[in-house]
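J.: Per Swiss-Prot, ATP binding site is recorded for 369, 370, 371, 372, 373, 374, 375, 376, and the stated evidence type is sequence analysis. Under the heading domain 'ABC transmembrane type-1', Swiss-Prot lists 18-301. The domain 'ABC transporter' annotation in Swiss-Prot covers 335-570 and is backed by sequence analysis. The transmembrane segment annotation in Swiss-Prot covers 18-38, 55-75, 128-148, 150-170, 238-258, 276-296 and rests on sequence analysis.
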């Protein structure tokens, strides 16, 4: 029950709804026990006692009881569903809010399919238990307690025979729960893996088809599907062994009751109607006991689901605002790195080692280096996507941890290497970071990003709906919309992380001309592999293996003849070869 205690904040606010549902269930359960009593009166008083004048009244009473039970059942079912639905609505919102707050380090290891499984299948499993299973557990206790009370009234010896069987049923139920809970946890994990395989395949379908790896993907999916099947078959074997055992114990009890009860009737120690009523009560009690396995099944599934949901809900948030964080509308944009080091994992080598530089407001800083050299790590630290393991980063002479995350990130416009567009209108995508932006602001941002012309050529212009991840646009078009989104934010600091890598040389040149105007009075970091993208920067930092190897302007670095010069020669060698005349012999 510890799992449900830790989830209490999500369902406890709706306890009044649940209590009303329980009240209706109490009435429904009490009426259920009235049926055998009416049956006993009919046999002993009307049939054997020949009081036929009571038949009409008993029939009317029986109809009234059935109507009352129907109404109680309706309210119990409706209010129970309302309790479950409202609880998981709150829970699902809490999960989604938590996912928004978790840092990049969590998503480095998380799998999309697994997260989707938790937010759908696991939440739904918990809802089903809250709506139905929890009330059934309570109903089971009530029905057994009320039935035993009436049974003791009819015959103490017969009731003791019934109670003698209960320990065997309790042991069977306990052992079933111990075996079925791990099995259902395995099912949840297998389903999450299956989800991940499907999600990865759909997301990477272009790669799969271009490399003709359909058969390989089918085989990996079949393997995951086979594991899921094996987990379900294991659970099925547990169920298959449990139900015959429960039925055998129940039937043994019934045979004992009929034998001993028949003897008591023959000895005139029990009326025939009382034996029939007693037998009906045993049936009413035995069915919930046998059905307890199904309820425990729901409980085990809900518990396994709850544990997986708590893995997210109780995950520590690495990057948060401190209690007295500064909230500012606009920052100046003076950036200072002081001996900053970064490691993405505890056992990994540092991605950055003792990096120091200054970027005053309005300056353009170029970050150049091979893949994995630490260029993008600088920008990820600046936006507090990750926290450094050493050193200090300041903006406007204050540590970035002094600012609220909202203040910091609303003043930093970022265009990542892989631009992500949402499945909404182009206008919504451009104004995503600034929802209150006017249409004029959106158009101005698009013009500066060289996106306005192709947007106007689309059938619905800025109201054109994009497909998932911007499907329907070329890579260059998506990148330009992403740049427009960053410009629309009107940030104090602009980060272009290989932002022009997906556009052709002519478009790159046009964007750079437009960005020169945008970069005025705005600190800009340009992360690039191509020297052409950042040679106009006020200072270029050349990274290699997490350290700054060289720094200076484009011309200063060329004159040094160092690492930067080697990169320059490699990138422009092909251009020189094309421009030189070749003899054709």
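Glycine is treated like the rest: Cβ placed from N, Cα and C.
I'd like to know what surrounds each of these features in this structure.
T.: Other Cβ atoms within 10 Å of the Cβ of residue 370 (ATP binding site) number 13 in total over all chains.
Away from its own ends, the transmembrane segment (18-38) comes close to residues 11, 58, 61-62, 65, 68-69, 72-73, 75-76, 79-80, 82-83, 134-135, 138-139, 142-143, 146-147, 150, 276-278, 280-281, 284 of its chain (Cβ-Cβ under 8 Å, at least six residues beyond either end).
Beyond its flanks by at least six residues, the transmembrane segment (55-75) meets 20-21, 24-25, 27-28, 31-32, 34-35, 38, 41-42, 46 of its own chain at Cβ-Cβ distances under 8 Å.
Outside the transmembrane segment (150-170), and at least 6 residues removed from its termini, the chain residues within Cβ reach (under 8 Å) are 33, 36-37, 40, 246, 249-250, 252-253, 256-257, 260-261, 264, 270, 274, 277-278, 281-282, 285, 289, 292.
Residues of the same chain lying 6 or more positions beyond the ends of the transmembrane segment (238-258) and with a Cβ under 8 Å from any Cβ of it are 158, 161-162, 165, 168-169, 172, 176, 179-180, 183, 278-279, 282-283, 286, 289-290, 293, 297.
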J.: Counting other CB atoms within 10 A of each CB, which of the binding-site residues 371, 373, 376 comes out lowest?
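T.: The binding-site residues 371, 373, 376 were compared, and 371 has the fewest Cβ atoms within 10 Å.
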J.: Using a 10 Å cut-off, grab the number of neighbouring Cβ atoms around the Cβ of residue 375 (ATP binding site), all chains included.
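T.: Result for residue 375 (ATP binding site): 24 neighbouring Cβ atoms inside 10 Å.
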J.: Which residues in the same chain, at least 6 apart in sequence, have a Cβ under 8 Å from the Cβ of residue 374 (ATP binding site)?
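T.: The answer is 342, 351, 352, 355, 543, 545, 546, 547.
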J.: So which other residues, same chain and not among 369, 370, 371, 372, 373, 374, 375, 376, have a Cβ within 8 Å of the centroid of the Cβ atoms at the ATP site?
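T.: Going along the sequence, the neighbours appear as 377, 543, 544.
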J.: Highest CB neighbour count within 10 A among the binding-site residues 369, 372?
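T.: Top count of Cβ atoms within 10 Å goes to 369.
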